[in-house]
Structure formats: structure tokens, C-alpha cells
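**Student:** First the structure, then my questions, so here it is.
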Amino acid sequence: MQFNSLVLLAGATILSPFVQAQTWTTCNPLNETCPNDPALGTNHTFVFNTSSTVTDYYNITAGSLTYGDDGAEFTIAKQGQSPTIQSKFYIFFGQVSVIMKAATGVGIVSSIVLESDDLDEIDWEFIGGNDTHAETNYFGKGNTTSYDRAIWYPTPSDPTANFHNYTVDWTAERVQWWIDDSLVRTLAYADAVDGKNFPQTPMTVRLGIWSGGDPKGNSQGTIEWAGGETDFTKVPFTMYVKSAAVQDYSTGSEYEWTDKTGDWTSIKVISGNSTVAETITKNETPTLSLGEKWDNLPKTTKLAVYCGGGAAVAALVSAFLFTFLRQRRNGRLEREAYNQLIEKQQQDAYKDQMELHNKGIGGFDNNSYATQGDDALGGWGSNQGTGYVGPSGSASAMASGSPMVQAGQHGPMSPTMVMRNGEMSPHSAEFPQPQQPMFGGSANGGSYMKM
């Protein structure tokens, strides 16, 4: 391993300047005042199985991507293509782990690059014609005065045929490169020209593929470093990326360059929630059903809901009972009022009857009532003073000495019975006759006089 690393390092000493083909910056804080860098401020695993992962968190800076079972596909389909993405966020020290499979093809370079605005850089690079090794490299502030930084390390298996996890773990004290679970390289701060060339400012994450063996865009040295000229009749050449787990070791919303030194101590962390972190939270929060929302509520909240629901039911029951009892009370009051009205009407009728009785009006006779009691009521006295004695009480009948008349001569006539053939009146010794007839009269002229 040491032999291979040293041999490849010797070659890289000459060729490494051309490795920077995909590195660039839009504003260099060492030379001008630049906008603050938007922070990631958290950790997240970006799974490249849909375009939304790229569009939400990355910019496609060259070419285009497709997506399949093996993740995002960075494909060179013809000469001059170099599909590349760059994160919309920065990390200020952190860890980046990419699960990927490098592209095949002589001269084709697959890369994982961390790059800052002042051209601090940490690299993983894979050459399509090399199926045994991967290159590690770094730069500080774009310094290319020496080319002794790249070191190649063997991979557990062919990096163009198998997926591996390639990791960069970066702090203010050192940089580590890992393949799967094996640490292959460590760069200490002091080992980079006492920190002057040590990568130490906020960085974006860049993933891409390009043709170092394209003679139209590269020098002969770059072509040799890439393993030779690319044969574009053998396209497509594809790098596959399943995921990138990124952790920002700083927390904040932005990173501010306070001077032009490029020293990590001059970077100010602006507090707050980053835009990217808020987007992650929004996108990763699942839409829950009502049942799931209920299941996720704390027990105290559920208890409060139960109590509130019970109170609501109790209130409804109370309202129902109140309405029922009030209506029942109203019905009882109405019934009592009706009964009082009927009782009053009866009392008024009785009062009127008694007034008529006292006045002897309407057939009432106080003298008759005194001797006969209630039998004097009910119509008996209604004939008094009228001269009417019924159909059998005509003058001719009285003159002919009919039994009815004869009976009437000895006492009052029965209102229902007519005596015939000498039958006796129902009045007997048990029912004494009145001492004075209720009325008397003569057939002469049909007038009635007392006997």
C-alpha cells in the first residue's frame, strides 16, 4: 500500500494542477466583499432517487441528471459534457459521506469536491481507467505553487463496478479521508504549511463527472494524469450517486467573512435557523392522518380532550334536561290555568243559578224549594205561572173527569205516568201529599186559581 501510494504520488506531483478543472468561485472574499454564505446548520442525508432532492438543495451547474434504481446518474453521452451539481448551502467544518460508483472509461474523472469561496478544497477523485485506486487531495486558498498533495489509496474492490462509501471528516485541527469504515488518510493543520494551506473556510459540496482525457479541452499533462485520451465512441460514461450524508459542525443561518485573511477565526456564525434546514424540516415532515395525529398527542393532551369532551356532553345533557323540565313546567302551568278557568266558569255558573234561584226567576219558586227541596228544580217549576199542564191537561179532559184529572185533584200529577181505569197514583202513605197543592185551577176559562 505504501509503495503504490508513493509511486502514484510521484505522478500526481506533475499532473495535479489540472485536477482543478471543475473548481471555481463566483466571489473571492480574499479580494472583495462577498455576500454571506447560507449555512446548512444541521445534518441530513440527501437521497438522490428523485429530481426534487437536487432542485431543493443543489444547483445543477453543468449538464443534466437522470434518476434510476442506483440513484442519480451523471452521464457523459457525448464529447464536451460534464454534469455537475453544487449544494445551495455551506458547511463550516463537518462531515460528508457519499455512496457512489465511479464511471468507467479511459480519461473519465468522477469526483467529490468540497470547495470554498477562496478556493480552499478537499477532494476525492476516481479515474475511469483505474479500477484499483482512488485519489485524495487538498488545496488551500487556491495555492498551486507545489503539487505534492495528492495521494492515491487502494479501494476494497473496483470503484467503477461497485458502490463504496467515501467520507471526508473535516475539523479545524485535521482532515480525514475514509473508504467505507477504513481511515486511509489524515492531514493535520500543522502539516499544511503551518495551516496556511489548510482548508478552513465554509465550503459547498460538489459532485460531478468530466473528461480529463478530452484533447479538445485539456493539456497533454491533464490527459496523461487522467489515464489517456477518451474514446467517445464508447459513450455513455456514467457515475452513480445513491446518497450524500452531510453534517455541518457549526450551527447558524449564515457565515460571514469579516476580513480578507481567509483564516477560520475570522468567520462569523450568524445565529438563527437556516433556510435549508427549514426546507428539510418541511419536506421531511409526513402528512399524518387524524388517527396518527391523535396517537402522537401527549397523554396529558388526550386527557384534556377527554375532559373537554365529557364537559361538552354534560353541557348538552344539562341543556336537554333544562329544556325538557321547562317545557314540562310550562305544560303543568298551562294545565293549572285551564283547570282554574273551568273551575271559575263552574263557580260563575253556580253563582248565576243561585241568583236566579234567590230571585225566583227562570222557574225557581222559593216556597216550592222550601217544601220539596231539589225536586223543585229541573223543570217542575218551569210551568208555574204559564197555565201549561201538558197534552193530557186540556180543559176538555179536565171536564170529562179523566183519571189524570181526578188524580190531579188530590195532588200533583206525575210527570211520567197517566193513571187509567181507576189506578191509584203512585203517591202513597209513604210519600205524604203536600198540605197545600203546588198549584190549583179550574177548567172554566183555563185559568188557574188557588183552591
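Just so you know, glycine gets a Cβ as well, placed from its N, Cα and C.
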**Student:** Considering the candidates Cys27, Cys307, which is the cysteine that Swiss-Prot reports in a disulfide bond with Cys34?
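**Tutor:** Answer per Swiss-Prot: Cys27.
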**Student:** Could you list the residues of the same chain, at least six apart in sequence, whose Cβ is under 8 A from the Cβ of Asn130 (N-linked glycosylation site)?
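**Tutor:** Listed in sequence order: Gly227.
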**Student:** What is the Cβ neighbour count of Cys27 (disulfide bond) at a 10 Å cut-off, with all protein chains included?
**Tutor:** 13
**Student:** Between the recorded positions Asn31, Asn49, Asn143, Thr222, Asn273, where is the Cβ count within 10 Å the lowest?
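**Tutor:** Checked Asn31, Asn49, Asn143, Thr222, Asn273; of these recorded positions, fewest Cβ neighbours within 10 Å: Asn31.
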**Student:** Can you tell me whether DSSP puts Glu121 (active site, nucleophile) in helix, strand or coil?
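**Tutor:** The residue in question, Glu121 (active site, nucleophile), is strand (DSSP, three-state).
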**Student:** Restricting to the domain 'GH16' (22-241), report the mean pLDDT as a whole number.
**Tutor:** 97
**Student:** Looking only at DSSP and grouping its letters into three states, which state does Arg206 (chitin binding site) belong to?
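**Tutor:** Strand, per DSSP.
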